[in-house]
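*Asks:* First, the structure itself, so that you have it in front of you.
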Amino acid sequence: MAQDNFSRVTEFILLGLSDTRELQLLFFTLFLLAYTMVLLGNLLIIVTVRTDPKLSSPMYFLLRNLSFIDICYTSVTVPKALVALLSGHKAIAFEGCMAQLFFLHFVGSSEMFLLTVMAFDRYTAICRPLHYTSIMARGACWALVAACWVGGFIHSIVQTVLMLQLPFCGPNMIHSYFCDVPPVIPLACTDTALTEWLMASNSGLISLGCFLVLVASYALILAKVQACLSQGHWKALSTCASHVMVVTLLFMPCIFTYLRPAGALPTSKYVCVIYTIFSPMMNPLIYTLRSSEVKESIWRLWKHCRA
């Protein structure tokens, strides 16, 4: 059938996590609590790193950028979900759905690239300490962060263009609380096998590739620490432990979701909660609890604000 004969869908319905009103109110409370923690926690890290000269190392510069990305990432999906849970209005315009998909992958893939850069930073600090200052100079840090955003933009453009070329003519019920490739692509009125494999290769291989690079870098760090058991190296390894927690929370659900065609296995919409809400919420807790420097800076900032 020619694409001109299709009546294009103008809006989608986000079915969310549950149809039960009591559960919707429970999810609203949990989402609102988590979103508040994401905003306050990451804003606190941004302000603390920005105002404390003692936190001027590349690691904290990258951490500040990660906090900014986490705020953007959750803001793409959670506000719309909160409105739908509270008001019951679950419709989202086709253009709004595609925009949400674009920014979700733009910010999400930028975060993956940034976490890879942070692992490179820790690898350089531990395995090449004499060259760390020159390798991770401020100009190089800015260039690496810019590369993360550019890479995320290119990835997201590819995803969005592939989606916009598909015809959507009938079913418009999305079994999730936000627009993403796996729940949206099965609604297309055409054979999407090739597109699914292209998207799985795009998102899935990015997730898997970054994850493997991270695992390799931390393996090298562990080997270095075992060979040189100094206090400074153990301190750096402690910092890496927090990175590993973030990597596990973000990458494993993403690999499960994206490294396969959309129709191969049913995607649990509850798995999406882990990398869209839970992981950004845990980042401030993980980094502040694992870093004595950040905790001391937050305490100094608190005393300064009370003075």
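Positions of Cβ are set from backbone N, Cα and C atoms, glycine also.
Here's the feature list from TrEMBL:
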{"type": "DOMAIN", "residues": "41-287", "note": "domain 'G-protein coupled receptors family 1 profile'"}
{"type": "TRANSMEM", "residues": "25-49", "note": "transmembrane segment"}
{"type": "TRANSMEM", "residues": "61-86", "note": "transmembrane segment"}
{"type": "TRANSMEM", "residues": "98-120", "note": "transmembrane segment"}
{"type": "TRANSMEM", "residues": "140-158", "note": "transmembrane segment"}
{"type": "TRANSMEM", "residues": "204-225", "note": "transmembrane segment"}
{"type": "TRANSMEM", "residues": "237-258", "note": "transmembrane segment"}
{"type": "TRANSMEM", "residues": "270-289", "note": "transmembrane segment"}
*Asks:* Under 8 Å between C-beta atoms and at least six residues away from its ends: which parts of the chain pack against the transmembrane segment (98-120)?
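*Replies:* Apart from its flanks, the transmembrane segment (98-120) reaches 59, 62-63, 65-66, 69-70, 72-73, 76-77, 80, 92, 144-145, 147-149, 151-153, 155-157, 159-160, 163-164, 178-181, 184, 203, 206-207, 210, 213-214, 217-218, 240, 243, 246-247, 250-251, 254, 275-276.
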*Asks:* Mind checking which residues reach the transmembrane segment (270-289)? Cβ under 8 Å, same chain, six or more beyond either end.
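*Replies:* Same-chain residues near the transmembrane segment (270-289) but 6 or more away: 17, 31, 34-35, 37-38, 41-42, 44-45, 63, 66-67, 70-71, 73-74, 77-78, 104, 108, 176-178, 180, 242, 245-246, 249-250, 253-254, 256-257, 295, 298.
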*Asks:* Give the mean pLDDT for the domain 'G-protein coupled receptors family 1 profile' (41-287) on the 0 to 100 scale.
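*Replies:* On average, pLDDT over the domain 'G-protein coupled receptors family 1 profile' (41-287) sits at 85.
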